[in-house]
Amino acid sequence: MAKAQRSLSRKQKFSNNWHKQKKKIATIHEKVVNKRKDFQHKLSSELVQQYDVIAIEDLSISDMLKDKSYSKSIHDASWSEFATMLTYKCDWYGKELVKVGKHFPSTQICSSCKQKHPIIKDTSIRVWTCPTCQTNHDRDINAAVNILEEGMHLSTVGATGIA
C-alpha cells in the first residue's frame, strides 16, 4: 500500500495515470477491509459457537478515538464492528453477551488475589508484579481474566437476582 501511495504522489494530479493509480489504491484498501471483516466474522462465529457466555468490556470507543495515540489502531481493528458482530451472533445462537462497564478497573485488579492497585493505571506498564501476592501479570491477559470473571458474576446476578 505504501508503495502504491508513493507511486501516486509522483503522478501528475488528475492525469489518466493518476486516476489509474487511485483505483489501484482503492482496490488495495478494499482488500484490507474484506480481510479484516472476514477475520472478524470467522472469529466472532467461532467464539459464539464455542462459548455460552461471552464477556466484553463496554468501552466508550468514541472517547478513545479522541486520543491520538490510540485512534489509528482502534480504527484499524474495527472494535465496534467486532462488538456488533458478537452482539447479533449471540442473539442468533441464543448465547449470552455480557458487557462489563467501562469503569470496571480490569487492569488494576490482580486476577490472583483480587487486590486493586491504582498505580497500574499507567497504560505504558505492560507487565507488572502484584505487590500483595508477588504474581507476575501481563496487563492484557490479567484484564481479560478480570473481565471474564466480572462478566460471569454479572451473568449469574442477572440470572438469579442474587449478588
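Note: Cβ is positioned from N, Cα and C throughout, glycine not excepted.
Residues or ranges marked as domain 'Probable transposase IS891/IS1136/IS1341' in TrEMBL: 1-66. Taken together, the residues in the domain 'Probable transposase IS891/IS1136/IS1341' (1-66) have a mean pLDDT of 91 on the 0 to 100 scale.
Remote same-chain residues near the region 'Disordered' (1-22) are listed as 28-29, 32 (criterion: CB distance under 8 Å, separation of at least six residues from the stretch ends). Annotated region 'Disordered' per TrEMBL: 1-22, in sequence order.
As annotated by TrEMBL, compositional bias 'Basic residues' applies to 8-22.
Annotation source TrEMBL lists domain 'Cas12f1-like TNB' at 79-147.
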